[in-house]
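Let me begin by presenting the structure, written as structure tokens, before commenting on it.
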Amino acid sequence: MEAWEKKVGQETVEEMKQDTKTAGRGEGQKNRIDYGISGIPFIAIVLLCFFFFIFPENSNRILSGIRNFLGTEFAVYYLGLGLFIFLLSLYISFSSYGDIVLGEPHEKPKYSFFTWGSMMFTAGLAADIMFYSFCEWILYVQEPYVQSLGRKEEWATAYTLFHWGLIPWGFYLVLAAAFGFMLHVRKRSKQRYSEACRPILKGKTDGILGRGIDILAVFALLAGTATTFSVATPLMAEIMKKVLPSVSTRELTLLILVVTCAVYTFSLLKGMMGISFLAKACTWLFYSLLLYIFFAGGAGNFILKHAFLALGKMVEHFPTMATYTDPMGENHFPENWTIFYWAYWMVWCVAAPFFIGSISKGRTIRQTILGGYGFGVGSTFVSFLVLGNYSLSLEVFHKLPVLKIYESSQSLYETIVKCLEVLPLAPLVLLLLLLTMFAFYATSFDS
């Protein structure tokens with residue numbers, strides 16, 4: 001290990017000397033906004049929005065064609081990459097690489113485990129986790145493939161854990177370890193994808209190729225952010241309608257954006273202290289909501305039993321879930337779900353791993369990856385197992401016809417609100433959910 005640290009130190013000095021020649025110009029202006037990298041993707045997104053608005057049917061046909069092509073022709077590559085990344089994370093964690101400290105050899109972590117875990121969890125997941133936790137099982141039980149497996153409710157819960165669990169967080173954590181090494185060991189301060197590629201691109205990092213990588217990354221981030229807003233914001237608007245019934249949905253959406261931006265800006269102006277405070281507040285709100293639903297929802301025993309069952313089923317069938325490609329094209333389940341989710345998580349890899357790597361200074365690579373799995377995956381699982389099993393219990397025990405409500409309304413947002421209105425003190429629960437989603441939005445944008 002000492003020989004490794006000595007080698008790393010020598011390589012770092014040599015590369016920093018080389019970077020002075022190739023990247024010095026960029027470092028001198030690192031605090032300035034690069035309007036080319038930021039502006040080009042923004043303009044592209046705006047133009048695409050205009051095209052989608054003017055030609056909705058053609059846009060839908062083109063996007064569906066692109067998605068079907070990628071999901072069909074590149075299915076094996078998406079699934080293979082996901083499985084490889086997860087196995088790589090385990091190898092890095094339990095090999096000698098896991099002993100490497102992200103910083104000086106004897107440096108201590110800057111943040112406590114709870115603060116660090118809260119920032120990582122809330123940055124890695126936006127408010128859409130609250131939406132999907134309640135209702136994703138509703139979509140799965142209607143899938144022909146899930147129905148063909150038998151006991152569709154059990155498989156539905158198992159698939160929610162699979163699609164939000166180990167492989168998705170593996171994308172984040174492997175890159176977080178790499179970026180943390182780049183930031184705290186190699187001492188490179190520019191948080192750009194092109195900078196992470198410098199050992200391969202060398203002098204081309206500061207040229208057209210490097211800028212192209214950064215432009216593509218920013219474009220992906222903007223598209224991912226728009227997707228997240230389109231998923232979770234309608235649920236927030238549905239909740240706010242209960243308080244402000246006379247206000248239109250469009251006005252409520254604008255209000256949500258304004259409040260989110262205000263909270264985000266306030267925490268950002270306070271620096272890391274503000275970000276860490278907001279992350280911890282979000283975590284407390286999140287677990288307060290889960291605890292109340294667990295104890296007040298009248299389904300605690302069912303939630304625990306179904307949670308253990310779903311976890312066991314997911315672990316038992318993990319290899320099959322990770323490699324199922326539907327080669328005969330009978331149900332298109334992998335394209336519609338697994339591949340979509342892997343692509344969705346890859347988009348957010350543009351931002352979240354950099355943030356996780358930056359706050360992991362003083363921790364070993366092993367602590368970063370395994371701690372990330374423990375806090376990130378653990379909290380994600382708890383969310384789906386409590387909220388999802390609560391809404392499922394309403395259907396199973398005939399307390400509320402959840403599936404019929406969805407079939408008649410065709411609105412998952414309305415269905416979720418109906419599920420929450422069954423709880424005691426429902427208005428306060430809706431308010432708590434709304435505050436939690438605001439906090440999730442702000443903390444994810446802080447990253």
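Just so it is clear, glycine is given a Cβ too, placed from its N, Cα and C backbone atoms.
Where the annotation comes from TrEMBL, it is an automatic prediction and has not been curated.
Over in TrEMBL, the protein carries these features:
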REGION    1-26  region 'Disordered'
TRANSMEM  35-55  transmembrane segment
TRANSMEM  75-92  transmembrane segment
TRANSMEM  113-141  transmembrane segment
TRANSMEM  161-183  transmembrane segment
TRANSMEM  208-232  transmembrane segment
TRANSMEM  252-269  transmembrane segment
TRANSMEM  281-304  transmembrane segment
TRANSMEM  339-357  transmembrane segment
TRANSMEM  369-392  transmembrane segment
TRANSMEM  422-442  transmembrane segment
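Counting residues 6+ beyond its ends, the transmembrane segment (422-442) has Cβ neighbours under 8 Å at 122, 125-127, 129-130, 232, 235-236, 239-240, 242, 256, 259-260, 263-264, 267, 278, 281-282, 285-286, 288-289, 292-293, 296-297, 394, 399-400 in the same chain. The transmembrane segment (35-55) makes contact with the transmembrane segment (208-232): 3 or more of their CB pairs lie within 8 A, with pairs spaced 6 or more apart in sequence.
Long-range contacts of the transmembrane segment (339-357) within the same chain, counting only residues at least 6 positions beyond its ends with a Cβ under 8 Å from a Cβ of the stretch, are 67, 70-71, 74-75, 78-79, 81-82, 102, 119-120, 123-124, 163-164, 167-168, 171-173, 175-184, 191, 193, 217-218, 220-221, 223-224, 227, 368, 372, 444, 446-447.
Most Cβ pairs under 8 Å with the transmembrane segment (281-304) belong to 113-141, among the candidate stretches 75-92, 113-141, 208-232, 252-269.
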